[in-house]
Amino acid sequence: MTSQEYYTQVQILKKMAYHYYVLDEPIATDEQYDSLYHQIVRFEEENPHLIDASSPTQRVGDVPLESFSKNTHLERMWSLEDVFNYDELVEWVQRIYKSYPQATFTCSPKFDGASLNLLYQEGKLVSATTRGDGVIGELVTHNAKTIQSIPLEINYKEEIEIRGEVVIAKEDFEYINQDRLSENLSLFANPRNAAAGSLRQLDAKITAKRKLRFMPWGIGAGLIRFESFYEAFNTITRLGFAPVPFLSYCESIESIQNAYNVLFSQRNNYPIMLDGMVIMLDKIASQQQLGWTIKSPRFACAYKFPAVEKSSKILSVSLQVGRTGIITPVAELKPVEIEGAMISRATLHNFSEIERKDIRLGDEVIIIRSGDVIPKIIKPLVALRDGTQKVISKPTHCPVCGEELLLEDIFIKCQNLSCEARVIESIIHFASKKALNIDGLGEKIVIQLYENAFVRNIKDIYALSIQQLLTLEGWQEKRANNLIYAIQNTIGVELWRFINALGIEHIGEGASKKLAQKFGLNVFELELSEILSVDGFGEEMAYSLVEFNHANKTLIAELLCIIKPKVELLEIDNNNVFFNKTIVLTGTLSQPRDRIIKLLESKGAKISSSVSKKTDFVIYGEKAGSKLEKAQSLNITTLNEEEFLAQINK
């Protein structure tokens, strides 16, 4: 095979793959595809310098990764507002009509899988990032390349983010679980969990075996170049992605409802799990003008399918103890399948809820589950009672430590700070992402450390040694070193993270940041009146903080000595042009972005990750891209780095 013949054969193989994996319309037999595939592999092994990066043979890497890197989306991946019935749909559409009486809409299926953001530059796939928190996700490019329905190259030279859902067909999901059962591995709960787990494999060869599909649903960066969302969908298909099924262009509420009815009627027959329909204002310019709330875009919503109801029997009630000591009753159910997931437990929330609904042990109960939502018990089927049902009694003593419980409003609490369950939950929270972010210290590891008496409180984490860890089952030197390094890496962490990590009731991430910026280390010595002076703090938060500081004075002092959190008191300059303004940064700047953000925050600015009509300034560097274009289209003031520095130093 000559080099020219090789490139021709690669194009033929790509066409075969596209028709088989994307269009589901094979143009060659499996034998023909495999034969050509192996011919190309042999040529590439003999001529590695001539390999075409877009060849289907290059989708699976040879070397597994050790961990996932973080990656920032060019445009934020937002959550959508939910509507659940026709009345709520009408209310949502009427809000759009107030601004745009002639508005039209694009409707598409809401796939039940794992969201993925694909970045293409100069027509090449350069990164694939999970949704994460919407701003930053995990880089899974090596796995995305194994998904045959994701093009490695597209005929589009501008920078663009193609977004979609990674899914597994219902039939393929059954085969995966059958294989796992034969290998004595734990089963996936549903196709969504299987897709998400497959996407996060460190070894791409495992991902490649899972028959993942990519179903596109939108565009991030680059959307501003289109006039219509419907047009954008058609462009995505022309670029080589899977056609969007049940795509509808709707001009009225009635046509939206009709599209929903069609989709709902096909829900069970369609090979991929669906959990609703996405409704999007079609005109892109109108989308930009409507903008976003703190959580979601104003121009789109998810019209969810009704929650699936099933009945099951309450076999017993177990009690969970949280880090704040609150006892949560959990119903242990006779297993029942709902939407492809086996449900055997459902929260009962609290004992007041049990009394209000008159739920009893042995009751047949109605359970609902919608999408990712934790299963809920709606009501008992009273007519089916046969006299064997028993009242669910409130506990008087902690199920873990045996201490007497306190009844506080609707909650029942264990007050023993040394209770095993409270200690374990508090350490899990302490190590979590929004707290000290100790990589590798998750729930299973914390329980293992506690059961082996290596930790009895948060402080004990910092006394762990590699020698101790190596005595535990499943631990090797590299893993032990990584955990000790991650723990030591928390020394000097930002004060707000330290406050949040303590798990003070009613004091979350936002409150922790305010306290750290305003009071510094004095936060642990505050009077009630001082806390109440902070904007947004009520009596419940203030009492909780004062009581926690008093009860844990020694522990806080010891942790401060070990961790030495970084104190950054924020002195606001309210005379600056950026005071109380919303700023977006884009492009490559000469100074570290964190330094510029800190400087802007010291001037009272609010930093945003996306451009909308509420943005006051966009500060841009080299290769600014779509955010700068969007700002210019909305007539937002834009400043290059030199202009920004001149303004901020006035």
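Just so you know, glycine gets a Cβ as well, placed from its N, Cα and C.
Reduced to three states, the DSSP call for Gln32 (NAD(+) binding site) is helix. Residues annotated as NAD(+) binding site in Swiss-Prot: Asp30, Glu31, Gln32, Tyr33, Asp34, Ser79, Leu80, Arg131, Glu165, Lys304.
Following the DSSP three-state reduction, the secondary structure of Lys110 (active site, N6-AMP-lysine intermediate) is strand. Here Swiss-Prot flags Lys110 as active site, N6-AMP-lysine intermediate, drawing on sequence analysis.
Following the DSSP three-state reduction, the secondary structure of Cys398 (Zn(2+) binding site) is coil. Per Swiss-Prot, Zn(2+) binding site is recorded for Cys398, Cys401, Cys414, Cys419.
Secondary structure of the domain 'BRCT' (573-650) per DSSP (helix as H, G, I; strand as E, B; remaining residues coil): 26 helix, 18 strand, 34 coil. Residues or ranges marked as domain 'BRCT' by Swiss-Prot on the basis of sequence analysis: 573-650.
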* **Close recorded positions near Glu165 (NAD(+) binding site), where close means Cα within 10 Å, chosen from Lys110, Cys398, Cys414, Cys419** => Lys110
* binding-site residues (Cys398, Cys414, Cys419), the one with most neighbouring Cβ atoms at 10 Å -> Cys414
* Asked: Rounded to the nearest angstrom, how far is the Cα of Cys401 (Zn(2+) binding site) from the Cα of Leu80 (NAD(+) binding site)?
  -> 42
* Given Gln32 (NAD(+) binding site) and Lys110 (active site, N6-AMP-lysine intermediate), what distance in Å do their CA atoms have, once rounded to a whole number? -> 35
* Structure fact -> Within 10 A of the CB of Gln32 (NAD(+) binding site), the number of other CB atoms across every chain shown is 13
* Measuring Cα to Cα, tell me the gap between Asp34 (NAD(+) binding site) and Lys110 (active site, N6-AMP-lysine intermediate) in whole angstrom. => 34
